[in-house]
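To start, the structure itself, in structure tokens.
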Amino acid sequence: MTFVDDDEEEDFSVPQSASNYYFEDDDKEPVSFARLPIQWSVEEKVDGSGLGFYLRGRSDNGLLPLHKLVKAWRYDLSNFQPEISVLTKDNIWIKLEEPRKSYGELIRTVLVTLHSIQFLRRNPQASEKALWEKLTRSLRSYDVKPSQNDLVDHIGLIAEAAKRDRNLANSKFILAFLTKKPTKRRLPDEDNAKDDFIVGDEDTYVASDEDELDDEDDDFFESVCAICDNGGEILCCEGSCLRSFHATKKDGEDSLCDSLGFNKMQVEAIQKYFCPNCEHKIHQCFICKNLGSSDNSSGAAEVFQCVSATCGYFYHPHCVTRRLRLGNKEESEALERQIIAGEYTCPLHKCSVCENGEVKTDSNLQFAVCRRCPKSYHRKCLPREISFEDIEDEDILTRAWDGLLHNRVLIYCQEHEIDEELLTPVRDHVKFPFTEEQKVFVKEQRRILESHVGRDKARLKVKDPALQDTCGKASKNSFRSSFPSSKDGFSTKKHGLVSSVPDHSRKRKDIDPSIKHKMVPQKSQKMMEDSREAGKNKLGVKEARDAGKSKISLGERLFSYTQEPNPVKPGRVIPVDSKHNKTDSIASKEPGSEIPTLDNDSQRRLLAVMKKATEEITMGTILKKFKIQSTMSTHSTRNVVDKTITMGKVEGSVQAIRTALKKLEEGGNIEDAKAVCEPEVLSQILKWKDKLKVYLAPFLHGARYTSFGRHFTNPEKLQQIVDRLHWYADDGDMIVDFCCGSNDFSCLMNAKLEETGKKCLYKNYDLFPAKNNFNFERKDWMTVSKDELEPGSKLIMGLNPPFGVNASLANKFITKALEFRPKILILIVPPETERLDKKKSSYVLIWEDKTFLSGNSFYLPGSVNEEDKQLEDWNLVPPPLSLWSRSDFAAKHKKIAEKHCHLSRDVGSSKLKIVEEEANASLHPLGASDGMCDDIPMEKDELEVAECVNKILVSEKIDTVETVARVHQSDHLSRRSQLKKEGKTKDYSGRKLGKSMDSNNVDWKSNDMEEDQGELSRAPESIKVKIPEMTSDWQSPVRSSPDDIYAVCTSISTTTPQRSHEAVEASLPAITRTKSNLGKNIREHGCKVQGTGKPEVSRDRPSSVRTSREDIYTVRPSPENTGQKPFEAFEPSYGASLSHFDDGLAAKYGGFGGGYRMPDPPFLPDQFPLRNGPNEMFDFRGYSDLDRGIGQREYPQQYGGHLDPMLAPPPPPNLMDNAFPLQQRYAPHFDQMNYQRMSSFPPQPPLQPSGHNLLNPHDFPLPPPPPSDFEMSPRGFAPGPNPNYPYMSRSGGWIND
């Protein structure tokens, strides 16, 4: 036998590895292990005196929990994957395996760095591209691709590792990386959650999945550069030409594109880009390549655009007729008129071979379009000479490329010679409306503006601010006129983003379009002439100074100059623009207008103005001015307009749809209509309509809550949410409402928590002023930092964020909330919101109620109807209410949910199911020593049980008219009047607001019958019954008799027949089937019965201490019990659905000891089996209820109405009615202490020839009803007690003896 010493036993107990791990600090906040000191070698010991972190996880293959304090870490690169270990305070190394999923994101950058070091150590000559490809494969489990930004976070670790490892120090990438010392940069595919909300971010916008889908839908518009016909980083023109261009030389360097010649800063300064052709409305004819005016507003247009929505080419009418070679002059003139009218589809939309249209869904019938002339082919009709690859034997060069155009082939037809260097035809096909002389002038102006010396000289030469302003404008405008210009708004850059700072608008004048292209050079020439003229005006300086002093001081003039929006007086105007650009106003120089020499006071005041302007006008203030609020983000042009919608596309698509519709109305064929307007255009225009509708809502309807899709939760629903949520709050917690609206939630929560003795903190955020300012802060939720709130272990966040399109805003608000790691998130969000358990966050769904907010649960703030009443919002698809708990709090919160019946399986379930569960839970509530029934006082408030029963009746779609019998006639109140006395405002448990409720009381919810029917038709509410604990409080000095268990409280009937006999009892008190009601209301001598939330009802009690049988059943007739309509039979399905109540009751009272037991079933023929199917219900004697119903004789309401079907006992079936006399029939099944079970309806009284009341002259009480199944006899008779029963008369009350 092998013995193990103590040291080896200790080794077995030491954890060797940790899985599902994470690290936390003393505040139980997750931290990265990289913050610990690193131990590079065995010789180098780490000082463990510093504060360490706690390692949490599982060890021993996940079987044992792990909780260790660690002080250092190390890594090992010798294996296939980097291995990380941490050193405990006991100097034991623990290897780290797989981290917890939510913790993996926190240490992702460390893992990327270690994988990089390992790869570069083994491959010193590896390139940067090879590194990222390797890391992408190794770390593909993470959503974010590895990048240089991950290494920047640990540049110190990389530098130290390179010092200690020779192979790593020889890595080319490491040398370049450490030499360059890079900083974090924005990556094209990097996601930034704040971009959708904060316009001021310097980072570029990253499209969401939905935006990428929109880009795919938008690809049928041109997506290649108009100069080089290649893709890449392109800038789209906002005008009608629908073209795109490479903006910088770098963007077009792969295809040797001349590009637009901008630099990166200039591109970022562009808001909306219009090419020079669209800016001046001077376009090229796609056939002859000559420029011509396209401005048809003055009737002088020369070129006209093709009407197709996706075609941006212009044509001279005579060029089209000449190309088509129409021999008939009349046909040519008709075609020209059609072209001028804007109803012409160019030859590009017909195959040059078969002259048929395009079918994009069929690859063979897709078009191959030439980029130099209006010629197209179907793929199947493409000539052999237009090849996708070089054929050297036949001297055929590549003329076709697939994949550059959406569902099309890009070709150069044989009419265009291919340049061997460019591999495309000569690129002289794009002409802008400016001359070569202007290009030279613009280059000179650019050189001067970019030179510091040039700028200083310009400032010395131009002293007049008016002249300086006009010269600046002229230079700027001449620069923009020579290059593709920009306008206010946003650029449509296909794969990039520009700054959001708007450009200043410039006023222009429209001119004759026929001479626009001749006037551009004149502007620069006349500007220079004005500058020279300004230099000659120095002779009048003294006169101007004297005149200025005599009229107004220089400081006032300067102040008025800075305040005036247009300080330059209009003089001569050089018109150089069109619809998009308006003309500059250049003031001619007036004598004496030059600024005189400044005195000391003026200089001081001027410097003060400059200093103030420098302090106040900063980039931060400008960005803040144009900042878009969070709830407006889905309506901003950054998210909607700039990427997919341009003015040219919208106008062209609308015009195409109108033309196509006109063609169809005039009898044209569908093919011609499709050539004008493709099916994809119709789909796209509908998407644009939806997007623009959302975007324009704040402008069309004002900046109101509803314009941003906001709606508020009704206070009644908020109160019910508070009643659920307050159980989870602890002292010192902080309740955060990140979109508080009217700020009702925190107020209600505060009142509830104060009532329960808890003190919490509150933070409420919104962009709009709240109705009340209880801890309210008008602030964007996206700007809230962790320093402003408590630690996550004390945070409870919610509740109703703005939804946004496809829950986009809800997802953003939740993502922001997860940064604080609150212990609880309670949310009202649409169903399409991304679930927290699908995110990489450690949150567990505690419960979810999908029907709680159905119906009119919301209202529209500030909106009223014609009666000045608040408009309510009815949800077609109600948003679920859900409560999420952080994983380390989940067990605690689940226990709270179970205790208060909040779990998902309970929330939103039907009343019937809840009552059944409560009944099953209360079958045997007492121990063996407490088995006697007379120790259990059992009385229930009548109205309360009537509430529960009535709700169940409503859920079964049975129209009921209930009558609540009281001991006194004055106590017969209808349910509606009773509720009016109590007040209508109740919390979720049915209690009146502002009143406390005893913990042992039963939760119930009271509504009017119509409200019940409406609520239950939408979603059944839960009837929650609390089970009281068995304490000494259950015993009372005034004891109820054991017979009180037969008390019945309510008489419910759909109809009550008019009988000639009065009932002995007006209504029998009924017991509930749940144990929770036991001992709640104890009947005492000369006292009142307390009901849950109900007014006290006085009862006449006899003087005896022990409750007798007489005082239970002695009732007085009431007017409400008489003169009502005949009763209609219950449906069998109703009794079947409720039979389980009696099963629970029978088990309950059949198991309390020898004093009570259920009767033995009688012998029945074989045709009466005990139970032969789930839908056929039997009582304990085996009688089927399939025959139940009302026979020829009707049951009078004077007997208290038909008893509650749940509470009434069943009779024997018709088969036994005439077989034996009444008493003999039941004799074999009784003993002295047992009663036979009664019918579901009260017993039929003996008929009397006259009178309206069935009198009981001896005032004997009626026999008590034993517990029963829910069956009845067609005749309604029920057996009486054993005649030998000591408390009753010999007849058992059936006759007056």
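Any Cβ shown, glycine's included, is placed from N, Cα and C.
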**Asked** Looking at the ranges 274-281, 570-577, 610-617, which is given as motif 'Nuclear localization signal 3' in Swiss-Prot?
**Response** 610-617
**Item:** Range annotated as motif 'Nuclear localization signal 2' in Swiss-Prot, from 492-499, 868-875, 1004-1011
**Value:** 492-499
**Request:** When you get a sec, could you say which of 445-452, 629-636, 661-668 is annotated motif 'Nuclear localization signal 1' by Swiss-Prot?
**Result:** 445-452
**Message:** Return only the integer: C-alpha distance in Å from Cys288 (Zn(2+) 2 binding site) to Cys241 (Zn(2+) 1 binding site).
**Reply:** 17
**Asked** From the centroid of the CB atoms of Cys285, Cys288, His316, Cys319, the recorded Zn(2+) 2 site, which same-chain residues not already listed sit within 8 A by their CB, in sequence order?
**Response** Phe286, Ile287, Lys289, Asn290, Gly292, Val303, Tyr315, His318, Val320
**Asked** Of the binding-site residues listed here (Cys285, Cys346, His349), which is spatially closest to Cys241 (Zn(2+) 1 binding site) when Cα positions are compared?
**Response** Cys285
**Message:** Given a separation of at least six residues and a C-beta threshold under 8 Å, show me what packs close to His316 (Zn(2+) 2 binding site) in the same chain.
**Reply:** Cys285, Ile287, Cys288, Asn290, Gly292, Glu302, Val303
**Sparsest-packed among the binding-site residues, when each Cβ's other Cβ atoms within 10 Å are tallied, from Cys237, Cys241, Cys275, Cys288, Cys311** = Cys288
**Item:** Number of other Cβ atoms within 10 Å of the Cβ of Cys285 (Zn(2+) 2 binding site) across all protein chains
**Value:** 21
**Prompt:** Of the binding-site residues Cys311, Cys346, His349, which sits closest to Cys237 (Zn(2+) 1 binding site) by Cα distance?
**Reply:** Cys311
**Complete:** For Cys346 (Zn(2+) 3 binding site) and Cys319 (Zn(2+) 2 binding site), the CA-to-CA distance in whole Å is 11
**Prompt:** Which number gives the other C-beta atoms within 10 angstroms of the C-beta of Cys306 (Zn(2+) 3 binding site), all protein chains shown included?
**Reply:** 26
**Prompt:** Cys278, Cys319, Cys346: which of these binding-site residues has the highest Cβ count within 10 Å of its own Cβ?
**Reply:** Cys278
**Item:** DSSP state at Cys285 (Zn(2+) 2 binding site), helix/strand/coil
**Value:** strand
**Complete:** Cys275 (Zn(2+) 1 binding site) and Cys306 (Zn(2+) 3 binding site), compared by Cα position, are separated in whole Å by 18
**Message:** Distance check, please: Cα of His349 (Zn(2+) 3 binding site) against Cα of Cys319 (Zn(2+) 2 binding site), rounded to an integer number of angstrom.
**Reply:** 17
